[in-house]
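Down below is the structure, laid out as structure tokens.
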Amino acid sequence: MAPSQKRKSLPDDDFIHTISDNDEPDILDEEEETVPAAVAGRPNKKARTAGAGAVKGKKNKKEKKGKKGGKSAAAGGDGEDGDEEEEEEVTGLWGANDADDGAMDSDFEFVAGGGGEDGLSGFDEEGWGFENAKKGVVGAGGAGQEVKSGVDLDEIIRRRREKKKGKGLEKVEEEEVEVEDMGEVDLDLDDEVLAEDGFGMGMEDGEGGVDEEDKGGEDDDEAASDNDSVATPVQHPDDEASEDDDEEDAEEEARRKEFFAAPEETENVGKKGGLSSFQGMSLSRPILRGLTSVGFTKPTPIQAKTIPIALMGKDVVGGAVTGSGKTAAFVVPILERLLYRPKKVPTTRVVVLTPTRELAIQCHSVATKLASHTDIKFCLAVGGLSLKVQEGELRLRPDVVIATPGRFIDHMRNSASFAVETVEILVLDEADRMLEDGFADELNEILTTLPKSRQTMLFSATMTSTVDKLIRVGLNKPARIMVDSQKQTAVTLAQEFVRLRPGREEKRMGYLGPYLQDPVHRTSHYLLQAEEDCSPDPDHLRLAGAFEHRAPWKHEPGSAFRDGKVNYLLATDLASRGLDIKGIDTVINYEAPQSLEIYVHRVGRTARAGRSGVAITLAAEPDRKVVKAAVRAGKAQGAKIISRVIDAADADKWQDQIDEMDDEIDEILQEEKEEKQLAQIEMQVKKGENLIKHEEEIHARPKRTWFETQEDKKKAKELGRAELNGVRDAMKKKGAGRLSNKDKKKLDSKAERSESKSTGWKKGRAERDGKGAVLNLKKVTKPKSKAPAGRKGRR
């Protein structure tokens, strides 16, 4: 460093300049300004060698300054004598009296924000903990401030409630309390364990047909079976194909054996290390300290099997139940390998891709906390955060980049300082979702750009084993690690099903009412299938104290829910994958999902990491097939399955109360519309001012490019939505939310054709000609029936 060079160049009898001398007062400030914010917490050699003398060094500085001032005053301002006296007390460059000169970042202050001794004391209460993501948000006042939303619907509701408090609404509140008490009694009396003849039961381990209903005979059973065949939901393409391992195609099984690494290799790696604890995995001390500070004392099964294999650099395809610690399973080996990286030249070596930005934020939080005792740098690149801030972080070439596919491609194409040629590890979290059609184009663009010699790891709770999909990722003899059977829920999860009789599907909110006021379920997480399907319901639930899940750093419903300010969190399938929200005891499916895979992800938001939880599903007659699949999977693992019956009269009372909110909701929506218009006008005015003020800078910016057109992006979005929610959701728009029997039969036949890989079904001549076999058959039979009539007429 500069001080040591000055000591060698100057003679012994001359005074020595130090960093605290007045003749060079700006050296420290310049060094602090040039150090980037991302590197501020990085320990260095100086910090490691300073030790406990840092505190003493500061005290000695003050004493030196005091002595220097006293001597200079006594000598009439002779600075040289003061400096010579100061030099006599210095024992060495890094001695006890010169331990911390202020020109370094202390190793004991690398955790920003405090919290506890290790900065992680509040980990259990923080949940997502995306404070680092907030730093990248640019608001009206610049970087580091939160984005101010244009219109806050919850604030409008609060204002209306405050106005009504002064108008004598105490009587209404008393009536609501009485209704709440009635609902609790009925709810407790109707709880019963799901019987063999209940809705969704009667499914033996080896059977897949429709059995008898609650009280029906043979006639009722035939009608129910016919209704089931007409109104069954569309399954995921891989749902039926992978439902039973015994029915798998022999050819596909042979391809898997050739594609995946031999199971013996995986088992041998697991047996070599004592995997009952993290200490037996030969992990470095900084990694062990990070695991201990977070509260990880014993590896989960997926962690015990994955970490040793990932440390060897092999490709991994991993699957385990929700809440089993899959994130730490790939973060820990990544951190361990990065500890031995060359540090002279900063290089981006790891890329983690997630399907949603909320999951990316959570993964970033977990990784930064596990790496809190290391010098590994992370960057979060997701939509909704400032591009400029992210470009600045990527310019420093962080070790790990956690991103969503769209924003990663944006930086890859338009950020000149961001290079991906040195990436050594690629991780796809929730890989089965990433391999769907909605992400196909983006994932292909990323995979063709990254180096082919990389290590690739795929993880999901419903991991696909289809070789055709996995080949796209470019895996090289991956180790297949499936800890639990696929589509399996946690053992500590109790599953409840509320049956909606035919004709009562429109009164779902009435059946949901008792749960809104049930004190047993004061912390509930509502997952709705799609926003369009429940467009009026979010407003009703807001009046009941619920929040709709949006970007957490904007509206922060997760923080309000976690802090107990609200009791309900309304969310779509966007939040059904991967998110670990603290405090969720109950998950309520307002509508049954389209497939068992989505059901497993939804109910996996509770009963995580060994905790207990409850999953409640409001199931109508068209949901029978999914319910039976869920019940069968639950029975196979010994889970508790309950059938809950809510009296129709009570549901009607709740529905009437909810319908009374319609007028108030219309007024709220009108007020929201007016505020949105005002916010839009303000934004346009601000935009015009910026165009005039920064015209030259705006025109000087290079135009951002994309690898596909807007039409291609729209098609990809529609494909992703269709695969997530099923084709049935798109066809509902034709019949105002209802499907005709003809459309239902078309969808069922399409679902059967999608199962051709396992059943061996092939298109016939009629299908190849573009006409269905049934339609072609009708054309053939018509001439035969009309021919005799024509001959009689001629005679």
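Positions of Cβ are set from backbone N, Cα and C atoms, glycine also.
According to Swiss-Prot, the feature region 'Disordered' maps to 1-127 (among others).
Among the features that Swiss-Prot reports, compositional bias 'Acidic residues' is placed at 21-34 (among others).
Here Swiss-Prot flags 56-70 (among others) as compositional bias 'Basic residues'.
Per Swiss-Prot, compositional bias 'Acidic residues' is recorded for 78-90 (among others).
Among the features that Swiss-Prot reports, compositional bias 'Acidic residues' is placed at 98-108 (among others).
Among the features that Swiss-Prot reports, region 'Disordered' is placed at 162-276 (among others).
Here Swiss-Prot flags 172-195 (among others) as compositional bias 'Acidic residues'.
The compositional bias 'Acidic residues' feature in Swiss-Prot is assigned to 204-225 (among others).
Taken from Swiss-Prot, the feature compositional bias 'Acidic residues' covers 240-252 (among others).
The motif 'Q motif' annotation in Swiss-Prot covers 276-304. In the predicted model, the motif 'Q motif' (276-304) has a mean pLDDT of 92.
According to Swiss-Prot, the feature domain 'Helicase ATP-binding' maps to 307-481.
In the three-state DSSP scheme, Val321 (ATP binding site) falls into the coil class. According to Swiss-Prot, the ATP binding site annotation covers Ala320, Val321, Thr322, Gly323, Ser324, Gly325, Lys326, Thr327.
The motif 'DEAD box' feature in Swiss-Prot is assigned to 429-432. DSSP states for the motif 'DEAD box' (429-432), grouped as helix (H, G, I), strand (E, B) and coil, give 2 helix, 1 strand, 1 coil.
According to Swiss-Prot, the feature domain 'Helicase C-terminal' maps to 466-684.
Residues or ranges marked as region 'Disordered' by Swiss-Prot: 703-795 (among others).
Summarising the annotation, Swiss-Prot assigns compositional bias 'Basic residues' to 779-795 (among others).
Taking Cβ pairs closer than 8 Å, the motif 'DEAD box' (429-432) reaches residues 238, 317, 326-327, 330, 352-355, 359, 363, 458-460, 462-464, 473, 577-578, 597 in its own chain, all 6 or more past its ends. Counted with DSSP, the motif 'Q motif' (276-304) comes out as 18 helix, 0 strand, 11 coil.
Residues Ala320, Val321, Thr322, Gly323, Ser324, Gly325, Lys326, Thr327 make up the record's ATP site, and a Cβ search at 8 Å around their centroid adds Thr300, Ile302, Ala329, Ala461, Arg608 from the same chain. For Ser324 (ATP binding site), the Cβ neighbour count at a 10 Å cut-off comes to 23, with all displayed protein chains included. Under the DSSP three-state reduction, Thr327 (ATP binding site) is assigned to helix. Of all the binding-site residues listed (Thr322, Thr327), Thr327 has the fewest other CB atoms within 10 A of its CB.
Long-range Cβ contacts of Gly325 (ATP binding site) within its own chain (separation 6+, distance under 8 Å): Phe296, Pro299, Thr300, Ile302, Gln303, Ala609.
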